[in-house]
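*Asks:* Let me begin by handing over the structure; questions about it come next.
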């Protein structure tokens with residue numbers, strides 16, 4: 001299959017298999033890198049320059065905003081300017097140096113998204129200090145591991161996390177010497193810190209220890225380590241991904257380039273809503289980009305219950321989400337439309353299908369149905385504050401029906417991407433005006449080249465004349481330098497200059513990439529059938545009755561079972577219709593008739609999407625508690641942690657197999 005030359009360019013022919021290596025397909029890059037991969041200009045050496053230049057251009061523009069709660073009442077967004085944030089970063093950076101942290105040393109940042117997080121990051125950048133984000137959800141053991149592994153001597157922490165960091169001080173006392181709270185600290189905490197031989201400061205105290213002298217800021221180099229980002233992963237200890245100044249800086253330029261060609265470059269009129277974890281590469285690089293353009297960044301309160309309330313208060317122009325959030329947005333809007341009456345529902349369906357048809361013919365978002373946008377869809381856009389002109393999605397593939405909906409309804413451009421911490425965030429992105437890319441993650445970003453490598457054991461052939469499939473491999477200017485202190489792990493994934501992602505992709509004729517599988521998320525049933533479990537979960541998730549699902553099988557069993565978190569309203573509606581006593585949610589999940597109903601509906605969905613017989617579920621457990629980070633069942637980007645899920649539900653899984661075998665006997 002030849003790929004569309006108007007979207008991607010062939011860089012290098014493929015290579016056949018050898019005794020040591022499987023075959024590898026051709027190398028491609030996107031059309032916006034036709035003269036070579038995007039690289040840094042000679043006058044840019046670090047991300048700090050983006051911020052310092054923005055301060056000169058936009059000193060009085062609103063930069064960082066948050067809502068303050070007083071007497072249980074939340075207020076409007078309050079802002080600090082670029083100049084105020086810059087001065088704070090210079091003072092904090094100076095104070096860090098006064099504690100003996102020198103350029104090249106590591107400084108930790110541990111807490112939820114807030115202005116202080118970004119100021120601490122910029123403070124480190126100003127001094128050439130490597131900042132190490134600590135996930136609020138990693139847990140004390142992982143935090144202790146990272147502090148010791150990265151040799152962090154100073155850490156910034158959220159006010160409510162001070163006690164947590166003090167509790168692990170005993171295990172990292174040889175490294176950690178200074179703790180700085182984003183807010184206040186109590187006298188009791190000060191005393192506890194003193195007893196553990198660590199200095200503890202409030203944000204204001206620490207700021208006063210620094211000065212505003214910019215004359216002696218150290219020189220930065222492109223090859224200096226900017227950050228070490230520890231990925232939570234789904235197994236084992238966290239891995240420290242090394243990203244240097246050049247990788248992050250060129251990724252910022254890459255984002256600007258792709259926004260320019262798919263929508264528009266951002267400017268001082270733009271407002272970005274920050275709620276995805278700042279410790280994760282995706283949101284962090286996006287914020288660095290917006291702050292390079294003089295835009296504003298507003299932070300959520302950190303409570304999922306009030307997420308949409310914060311969106312309404314901020315009215316962002318760019319919304320960066322993950323499939324889980326967009327799924328809920330889609331379900332909420334569709335529920336309101338269904339409840340609006342038959343006539344309104346039919347009018348909506350007509351308008352939706354008319355615009356969908358025009359966009360499939362090649363009309364742009366703006367051209368497809370301007371009158372229907374004003375009459376039908378502009379009101380729906382209010383769900384995201386009414387001003388969003390760009391929606392971005394990452395972390396996992398969007399379900400096709402949700403992606404189509406988001407491209408049509410909010411009258412905003414939607415770009416879905418794919419990337420990893422190792423690729424400094426996005427490595428592929430869809431082109432907003434190319435509707436054929438729905439269901440894919442788009443073309444390579446202008447900083448990277450991509451190829452597929454065959455995976456014979458899974459039946460994926462990167463040389464297939466029909467549809468090339470294989471493991472996605474990347475190389476380029478925004479890639480990581482390796483794993484901190486783990487050359488063994490680096491050598492496993494960096495082979496001949498190519499980073500092996502572990503994700504299985506499929507080239508499309510328009511030059512876009514479709515994620516179809518995960519190399520590690522495949523297992524064989526006892527009769528020899530291979531099961532691509534992530535694909536199955538994505539299919540079963542199309543069933544409107546469920547909120548989350550984990551499918552399990554192994555090579556000793558001939559069939560699959562699952563743990564399902566049901567949609568609460570769906571199971572309560574079923575109870576009313578079937579004269580079952582509603583009781584409480586937990587009791588309904590234990591109801592045998594409810595379990596049978598949900599299993600039948602899931603397998604009906606499986607048949608609808610033509611799953612094979614061995615891919616059908618034979619038994620399920622209805623779980624009232626969502627899979628969450630607190631129990632270590634999902635990652636901060638909502639990916640299932642399969643070993644931990646099996647450990648948590650081992651007894652239930654064994655019971656499901658026993659009961660299913662008895663019923664089949």
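Each Cβ is built from the backbone N, Cα and C atoms, and glycine gets one as well.
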*Asks:* Under Swiss-Prot, which of the candidate ranges 471-495, 496-520, 521-545 is annotated region 'Fatty acid-binding'?
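*Replies:* The listed stretch tagged region 'Fatty acid-binding' in Swiss-Prot is 496-520.
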*Asks:* If you average per-residue pLDDT over the region 'Fatty acid-binding' (496-520), what number do you get?
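*Replies:* That region's mean pLDDT is 90.
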*Asks:* Within the region 'Fatty acid-binding' (496-520), count helix residues (DSSP H, G, I), strand residues (E, B) and coil residues, in that order.
*Replies:* 0 helix, 16 strand, 9 coil
*Asks:* Counting other Cβ atoms within 10 Å, pick out the least crowded of the binding-site residues 228, 230, 238.
*Replies:* 238
